[in-house]
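Just below is one structure, and these are the notes that go with it.
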């Protein structure tokens with residue numbers, strides 16, 4: 001089931017085609033760890049996360065950010081089945097990693113902020129509304145195992 005209109009899908013896919021996953025991924029995960037420092041506990045193996053500059057310059061943060069945004073790219077290809085797309089990741093984050101599902105919402109909001117910064121005037125209110133709908137859908141799909 002999908003709550004995305006044709007206009008939503010067009011806005012989401014159009015902007016995503018312009019996203020540099022390497023730049024946006026590291027920036028998004030880095031900002032999540034800086035703005036919401038309690039999320040750092042899930043990344044103990046990443047080395048130094050002792051300051052904003054250490055986090056933003058950490059190659060493991062950047063690499064994992066790319067992995068996260070690559071998964072989001074898959075979601076964009078499957079907007080009508082976000083739950084199915086993220087079923088295995090939901091299971092991993094719930095059963096093995098024990099990540100609070102609220103963190104998925106926070107990550108989505110940080111991503112929207114990063115995309116707004118990177119895409120400036122192209123990131124219109126309509127694009128933002130569609131993107132917010134998408135990250136909310138992804139957060140719900142990732143949190144589905146918790147329900």
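Keep in mind that glycine also has a Cβ here, set from the backbone N, Cα and C atoms.
If you look up Swiss-Prot, you'll see 3-147 marked as domain 'Globin', on the strength of sequence analysis.
Among the features that Swiss-Prot reports, phosphothreonine is placed at 13. For residue 13 (phosphothreonine), the same-chain residues that are 6 or more apart in sequence and have a Cβ closer than 8 Å to its Cβ are 76.
Annotated phosphoserine per Swiss-Prot: 45 (among others), in sequence order. Taking a C-beta cut-off of under 8 angstroms and a sequence separation of 6 or more, residue 45 (phosphoserine) has the following same-chain neighbours: 60.
Here Swiss-Prot flags 51 (among others) as phosphoserine, drawing on similarity to another entry. Just so you know, the Cβ of residue 51 (phosphoserine) picks up 10 other Cβ atoms within 10 Å once every protein chain is counted.
Taken from Swiss-Prot, the feature phosphoserine covers 53 (among others). Under the DSSP three-state reduction, residue 53 (phosphoserine) is assigned to helix.
All chains included, 15 other C-beta atoms sit within 10 angstroms of the C-beta of residue 60 (N6-acetyllysine). Look at residue 60 (N6-acetyllysine): DSSP puts it in a helix. Among the features that Swiss-Prot reports, N6-acetyllysine is placed at 60 (among others), with the record citing similarity to another entry.
The Cβ of residue 64 (heme b binding site) lies under 8 Å from the Cβ of 25, 29, 43, 46, each of which sits 6+ residues away along the same chain. Residues annotated as heme b binding site in Swiss-Prot, with sequence analysis given as evidence: 64, 93.
A sphere of 10 angstroms centred on the C-beta of residue 83 (N6-acetyllysine) encloses 16 other C-beta atoms. Swiss-Prot lists 83 (among others) with the feature N6-acetyllysine, giving similarity to another entry as the kind of evidence.
According to its DSSP assignment, residue 94 (S-nitrosocysteine) is helical. Counting Cβ atoms from all protein chains shown, residue 94 (S-nitrosocysteine) has 17 others lying within 10 Å of its own Cβ. According to Swiss-Prot, the feature S-nitrosocysteine maps to 94.
Per Swiss-Prot, the feature phosphoserine maps to 140 (among others); the stated evidence is similarity to another entry. Within the same chain, residues at least six positions away from residue 140 (phosphoserine) with a Cβ under 8 Å of its Cβ are 82, 83.
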